[in-house]
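Read through the structure below, which is laid out as structure tokens, and then see the notes.
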Protein chains: 2
Amino acid sequence: MTTEKDKDRESGTRLDPKFDSAGLLSAVVTDDSSGDVLMVAFMNAEALQKTLDTGIAHFWSRSRQSLWKKGETSGHVQEVVEIRTDCDQDAIWIRAKPAGPACHTGRTSCFYRRIIDGKLEHVA
Amino acid sequence: MTTEKDKDRESGTRLDPKFDSAGLLSAVVTDDSSGDVLMVAFMNAEALQKTLDTGIAHFWSRSRQSLWKKGETSGHVQEVVEIRTDCDQDAIWIRAKPAGPACHTGRTSCFYRRIIDGKLEHVA
């Protein structure tokens, strides 16, 4: 059922994030220059607020169960160029200027393999 | 702790999706022409398999708790141009050729508002 609150969330100008039962939103980061998807992660309320306050991408690490400033250790922070939310405000899209590779494997993007005929193929 | 299975998942060519405790993966769809993020959703094993088998994006609707062929009602299906997975295989990136708007509001992308100073601003 679509409620008045849902309608306001979709058409309004009020930031009203819809966190799921675990308190999370999906967050996708693209490279503002190449347009490539760099990574997909999650944000809790604190991660979203820190991202908005600092202009640097923060996430929630589900495996470590802790706030995660991307690049805190590696220095490969992601500077926010633009941040958007979607229709029902349960996802975030960040267009970022990355200071280095997004992936912990050293690759520019975490999405370095395509699926072909049920197998993975490394993208050049 | 990083296990051998984790390492294989990261560097190998075997498709070995890492579904979360709810049996889901994150899935992001971009427009193959514009590069814009169209939507972010979830896939369960069946949705991923249907997507791979048919070349048309399928998701799992958390609100309806059912398989969701995008565009089944509207006709705005998303044809898969390329499908990738990420380092730990818990997310999917689809570059798609959409047959119509991705958003149920009629907008091309669900991400039609940017966040500026804590408020939402419609993107032209």
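Positions of Cβ are set from backbone N, Cα and C atoms, glycine also.
Note: TrEMBL annotation is automatic and uncurated.
Features reported for this protein in TrEMBL:
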- A:D86, A:D88, A:D90: Mg(2+) binding site (BINDING)
- A:C87, A:C103, A:C110: Zn(2+) binding site (BINDING)
- A:39-112: domain 'Phosphoribosyl-AMP cyclohydrolase' (DOMAIN)
In three-state DSSP terms, the structure that A:D88 (Mg(2+) binding site) belongs to: coil
Cβ-Cβ neighbours of A:D86 (Mg(2+) binding site) (radius 10 Å): 27
Helix-strand-coil residue split for the domain 'Phosphoribosyl-AMP cyclohydrolase' (A:39-112), DSSP-based: 10 helix, 30 strand, 34 coil
Neighbour-count leader, CB within 10 A, binding-site residues: A:C87, A:C103, A:C110: A:C110
For A:D90 (Mg(2+) binding site), the number of other Cβ atoms found within 10 Å of its own Cβ: 20
Across the domain 'Phosphoribosyl-AMP cyclohydrolase' (A:39-112), average pLDDT on the 0 to 100 scale: 97
Cβ atoms near A:D88 (Mg(2+) binding site) (within 10 Å, other residues, all chains): 17
A:D88 (Mg(2+) binding site) and A:C110 (Zn(2+) binding site), distance between Cα atoms, whole Å: 26
